[in-house]
């Protein structure tokens with residue numbers, strides 16, 4: 001199992017590579033180029049940290065996924081995750097708040113952190129780059145319970161990652177769920 005660990009502010013890069021289970025899926029330079037393409041005339045790019053160390057926003061993740069013929073579908077947390085057809089998706093990307101630390105000192109700055117969750121060998125895994133090792137969530141029922149717990153917080157967001165075709169036809173939703 002492939003698991004990139006957190007370096008600098010590159011959690012979006014780690015989440016993407018962990019999601020696709022491949023170190024070569026994306027590089028920092030590719031994500032920086034996406035930032036440049038999204039805002040070519042900006043001196044300070046709004047899609048990453050001012051220092052250019054990472055901290056990429058959702059627009060960068062969406063654009064990166066599109067390079068892999070995938071889409072990030074924002075999940076309406078008023079719905080239960082059990083409406084998702086997990087057989088039709090690549091995985092999930094969670095966006096969660098995180099405290100900013102310098103050494104052991106917590107600063108009163110809140111940042112956002114990206115986490116990949118996906119199925120590998122019939123088990124679901126939390127591939128958070130801040131973990132020392134991937135965390136086994138277990139079967140689909142256990143993973144759905146984990147997502148429910150995450151989505152109880154107003155400041156966390158879930159994106160369902162699926163292929164373009166699955167997104168266009170909304171096949172990531174189980175029949176009779178969320179339509180109409």
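Including glycine, each Cβ sits where the backbone N, Cα and C put it.
According to TrEMBL, the feature domain 'Josephin' maps to 1-176.
The active site annotation in TrEMBL covers 11 (among others). Of all Cβ atoms in the protein chains displayed, 27 besides its own lie within 10 Å of the Cβ of residue 11 (active site).
Around residue 113 (active site), taking its Cβ as the centre, 21 other Cβ atoms fall within 10 Å, counting all chains. If you look up TrEMBL, you'll see 113 (among others) marked as active site.
The Cβ of residue 128 (active site) has 23 neighbouring Cβ atoms from other residues within 10 Å, across all protein chains displayed. Look at TrEMBL and you will find 128 (among others) tagged as active site.
Rounded to a whole number, the C-alpha distance linking residue 11 (active site) with residue 113 (active site) is 6 angstrom.
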